[in-house]
Amino acid sequence: MGKLVALTLLGACLALIGERLLNFRERVSTTREIKATEPQNCHLIEGLENGSEDIDILPSGLAFISTGLKYPGMPAFAPDKPGRIFLMDLNEQNPEAQALEISGGLDQESLNPHGISTFIDKDNTAYLYVVNHPNMDSTVEIFKFEEQQRSLIHLKTLKHELLKSVNDIVVLGPEQFYATRDHYFTSYFLVLLEMILDPHWTSVVFYSPKEVKVVAQGFSSANGITVSLDQKFVYVADVTAKNIHIMKKHDNWDLTPVKVIQLGTLVDNLTVDPATGDILAGCHPNPMKLLIYNPEDPPGSEVLRIQDSLSDKPRVSTLYANNGSVLQGSTVASVYHKRMLIGTIFHKALYCDL
């Protein structure tokens with residue numbers, strides 16, 4: 001009898017794992033023909049060769065770019081080099097990327113920047129918040145931006161037990177931000193198991209000096225996050241679920257779901273067009289090529305624009321699409337005055353006029 005029970009349980013477990021493996025394959029093996037779409041006057045940005053995972057642009061047109069991310073399971077073209085933060089001035093006729101010098105107590109050799117977000121205080125001082133993965137841990141680094149010197153001063157490192165496996169961040173006040181956790185576990189084996197079983201345990205965390213709490217959960221893999229222009233709604237990308245969650249922000253910083261927009265492609269980072277309020281999404285149209293990288297058959301890139309996101313019928317259009325021949329593994333697109341920057345996990349970055 002005992003052996004029969006054991007065999008029954010084993011069979012049930014194997015059946016569950018088999019079903020979950022098929023489900024995982026379905027989620028990440030999207031293979032569809034990419035119809036090339038390119039705005040006028042696009043060119044690769046010189047000096048950005050090792051990824052440009054996230055981009056955030058100040059209202060003045062200064063764009064911060066995080067580069068050199070080393071992420072488990074993803075390719076890295078310069079695995080032994082620390083990450084950098086670059087700056088581009090989109091007011092210039094021919095903007096160029098320059099690496100920002102960093103001063104302060106940060107161990108720059110362990111800089112492994114992921115999501116970034118800017119905040120401007122009442123005296124117009126700009127601060128850059130950076131999700132960092134030193135030795136594959138998760139911290140949030142706070143920098144003060146010195147515009148005249150074009151440099152960053154490291155002010156503080158934030159750590160918390162809820163800030164584990166952090167992917168992206170959106171800052172709404174001094175040391176007040178939402179952060180996404182793309183995995184519940186942190187060990188590589190358990191992360192793989194989590195990806196296969198897909199328990200929907202990832203979440204959005206609110207951080208402040210007085211309170212840190214989970215404000216939304218139940219995502220397959222919470223990824224990019226941003227906020228509407230009026231700061232009433234928070235947009236969360238659920239990458240492997242291929243959708244965007246629109247959440248209402250309350251005075252106590254809690255989030256409640258409003259709607260979900262299905263996109264049919266893996267959604268990475270999100271930004272908002274400051275001129276229109278439209279959501280821009282950096283996407284992965286053929287994600288299996290990210291996991292099994294072949295330079296002869298590279299992953300493509302895709303940027304979607306979502307208009308009227310709160311309406312019954314949001315309008316989704318393609319701003320950029322490429323099969324990987326130009327740009328591989330797009331993660332983010334950010335715009336300023338009809339100029340668009342597109343970043344990638346490990347590849348290059350693209351500038352386009354819209």
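Using N, Cα and C of the backbone, Cβ positions are placed for all residues, glycine too.
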Ca(2+) 1 binding, same site as Glu53, Asn167, Asp268, Asn269 - Swiss-Prot member from Asn112, Asn223, Asn322, Asn323: Asn223
Annotated companion of Ile116, Asp168 at the Ca(2+) 2 site, Swiss-Prot, chosen from Asp54, Asp238, Asp251: Asp54
Residue among Cys283, Cys352 that, according to Swiss-Prot, closes a disulfide with Cys42: Cys352
Those recorded positions of Asn223, Asn269, Asn323 having Cα within 10 angstroms of Asp54 (Ca(2+) 2 binding site): Asn269
Output field, Ca(2+) 1 shell: CB within 8 Å of site CB centroid, site Glu53, Asn167, Asn223, Asp268, Asn269 dropped: Asp54, His114, Gly115, Asp168, Asp182, Gly224, Ala237, Val239, Gly282, Thr331, Val332
Recorded positions (Cys42, Ile116, Cys352), the one with most neighbouring Cβ atoms at 10 Å: Ile116
Structural state of Glu53 (Ca(2+) 1 binding site), classified by DSSP into three states: coil
Closest of Cys42, Asn50, Ser165, Asn323, Cys352 to Asn223 (Ca(2+) 1 binding site), Cα positions, recorded positions only: Ser165
For Ser165 (phosphoserine), the three-state class that DSSP assigns: coil
Of the recorded positions listed as Glu53, Ser165, Asn269, Asn323, the one whose CA lies nearest the CA of His114 (active site, proton acceptor): Glu53
